[in-house]
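Engineer: Below is a structure I'd like to ask you about.
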Amino acid sequence: MQAKDSNPPDGGYGWVVVVSAFMVMGLTAAVLKTFGLFFVEIQQHFDELASTTSWITSVTIAIFHLGAPVASSLCVRYTHRAVVITGGLLAFSGMALGFLGLNMVWMYATTGFLQGLGISFSWTPAISIVSHYFSKKRALANAIASAGECAFAFTFGPFFQWLISQYGWKGALLIIGGIQLNICVCGILMRPLASSCLLEASHSEIETPPGSGASRIDKEDKSPITHKTFNWMLVRQPEFVLYAIFGILAAMSFFVPPLFLVPLSYSLGIDESWTASLLSILAMVDFAGRLLCGWYANLHVTKTVHLLTMTITLISTSLMLLPLANNYLTLAIFTGFYGFFFGTTVAVHITVLADVVGMPDFDSALGLFMLIRSTGGFVGPPLAGLIVDMAGDYRAGFYMAGATLVLSAGFLVTLDQVQQRKEKGSQTNTKPKKSTLPYPSPHLLKLQ
């Protein structure tokens with residue numbers, strides 16, 4: 001299909017792309033979030049230890065992050081549409097083959113590896129193409145797209161539980177895999193912009209007559225995607241390195257609260273039914289935080305990196321206060337604060353990444369950022385668990401998460417200072433130099 005526009009339209013068909021990305025977020029990240037409902041069923045079926053069964057989710061998360069650079073490089077080489085469709089097919093294959101349930105290694109390879117690769121190949125290009133379609137409204141568009149994760153997670157919990165009760169865990173996997181085929185439909189709707197397709201770019205270069213090189217170069221300069229290869233050299237840019245370190249520290253913290261929230265509530269003597277409602281509250285306020293922060297960022301009142309620094313500071317504050325809760329009401333309030341500010345952070349952190357590296361390198365940056373950030377996700381929960389074991393109190397995990405986020409905010413402040421110095425330096429270099437031409441003396445002017 002011939003692309004229609006080489007510049008970000010900031011609307012129009014871009015909203016179709018946003019809705020498609022919203023669906024992809026729900027059919028990938030939300031499925032991963034609620035897969036824990038299958039944990040006990042699979043563990044009992046194979047009669048395995050909890051640690052052995054948990055490797056299914058661990059493999060999925062690992063491949064999701066490790067596959068991000070591969071997905072980004074394929075987007076650069078081909079199109080986001082093609083990669084999303086491939087991801088949908090892989091996700092379906094993982095669930096459909098997991099339906100056979102041959103043994104635990106088979107589950108690692110199917111619902112672990114294939115599902116993780118499918119999520120990576122769907123999630124990464126879906127969130128990337130939204131940023132390519134929007135410039136001024138990028139924060140709002142990213143917030144709406146990412147909100148699909150919360151909206152679907154809120155409904156998938158009871159829906160998956162019903163599927164398991166009606167069709168067993170194997171039948172539920174097959175049905176969910178069929179639902180994930182809708183990722184392919186969403187991918188088809190993600191029409192590439194003019195230079196998203198390498199073949200079209202190459203074709204235009206071949207057909208460009210001699211002497212018209214200037215116009216072709218000018219067209220590529222206006223295009224949101226100009227690189228045809230994956231840019232690994234981003235790791236040498238100080239701004240990207242600072243933001244990647246922030247990502248590692250933030251990921252160390254973000255996986256901790258959902259892990260210890262339920263055990264903390266049990267330690268306070270809160271009933272199981274009330275504890276389950278905490279997760280629903282978390283999903284609802286997360287959804288609201290993403291949309292409200294996206295709307296506010298779209299007003300361009302505050303610089304996005306300043307907004308992200310503020311939300312990170314507020315998250316760390318809420319995590320420090322959460323352990324002070326001594327009953328359900330106070331725990332629900334602090335959980336709501338954490339969930340809301342977590343949503344605001346998710347709404348803008350991709351936009352900040354685009355601002356840091358620029359759109360020509362965004363696909364490469366997103367893949368590298370996901371890969372580097374994964375180390376924080378792997379280290380954070382075990383480290384928090386070790387601290388909890390040493391302290392003998394689940395509250396210690398929340399204090400650790402809050403302190404790590406405070407440290408991550410320091411790297412955002414440093415990043416902002418580096419960007420400001422760079423901007424001042426570029427402004428100084430572009431200022432016109434004073435003319436050295438001799439001016440007539442005042443005496444000559446009087447004689448004239």
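For all residues, glycine too, the Cβ spot is worked out from N, Cα and C.
According to TrEMBL:
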TRANSMEM  12-35  transmembrane segment
DOMAIN    14-420  domain 'Major facilitator superfamily (MFS) profile'
TRANSMEM  55-76  transmembrane segment
TRANSMEM  83-106  transmembrane segment
TRANSMEM  112-133  transmembrane segment
TRANSMEM  140-160  transmembrane segment
TRANSMEM  172-190  transmembrane segment
TRANSMEM  240-262  transmembrane segment
TRANSMEM  274-293  transmembrane segment
TRANSMEM  305-325  transmembrane segment
TRANSMEM  331-353  transmembrane segment
TRANSMEM  365-384  transmembrane segment
TRANSMEM  396-415  transmembrane segment
REGION    422-448  region 'Disordered'
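For each listed feature, how buried is it and what is near it?
Structural biologist: Nonlocal intrachain contacts for the transmembrane segment (140-160), taken as residues 6+ away from its ends with a CB within less than 8 angstroms of a stretch CB, comprise 14-15, 18, 21-27, 29-31, 33-34, 37-38, 126-127, 130-131, 133-134, 172, 176, 279-280, 283-284, 286-287, 290-291, 293-295, 297-298, 343, 346-348, 350-351.
Sequence-distant contacts of the transmembrane segment (274-293), counting only residues of its own chain at least 6 positions beyond either end whose CB sits under 8 Å from a CB of the stretch, comprise 139, 143-144, 146-147, 150-151, 153-154, 157, 258, 261-262, 265-266, 307, 311, 328, 331-332, 335-336, 338-348.
Cβ atoms under 8 Å from those of the transmembrane segment (331-353) belong to residues 127, 131, 138-139, 142-143, 146-147, 150, 243, 247, 250, 254, 257, 261, 264-265, 268, 270, 277-278, 281-294, 297, 304-305, 307-308, 311-312, 314-315, 318-319, 321-322, 324-325, 362, 365-366, 369 of the same chain, restricted to positions at least 6 beyond its ends.
Counting residues 6+ beyond its ends, the transmembrane segment (365-384) has Cβ neighbours under 8 Å at 61-62, 65-66, 68-73, 124, 127-128, 230-232, 234-235, 240, 243-244, 247-256, 259-260, 350, 353-354, 356-357, 396-397, 400-401, 404 in the same chain.
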Engineer: I'd like to know if the transmembrane segment (240-262) touches the transmembrane segment (112-133) in this structure, counting it as a touch only when three or more C-beta pairs sit under 8 Å and are separated by 6 or more positions.
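Structural biologist: Contact criterion not met.
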Engineer: Near the transmembrane segment (83-106), which same-chain residues lie under 8 Å Cβ to Cβ, leaving out any that are not at least 6 residues past its ends?
Structural biologist: 24, 27-28, 45-46, 48, 52-53, 71, 74-75, 112-126, 170-171, 173-174, 176-178, 180-184, 186-188, 190
Engineer: Quick one: do the transmembrane segment (240-262) and the transmembrane segment (396-415) reach 3+ CB pairs under 8 Å, ignoring pairs fewer than 6 apart in sequence?
Structural biologist: yes
Engineer: Give, as a single whole number between 0 and 100, the mean pLDDT over the domain 'Major facilitator superfamily (MFS) profile' (14-420).
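Structural biologist: Averaging the confidence scores along the domain 'Major facilitator superfamily (MFS) profile' (14-420) gives 83.
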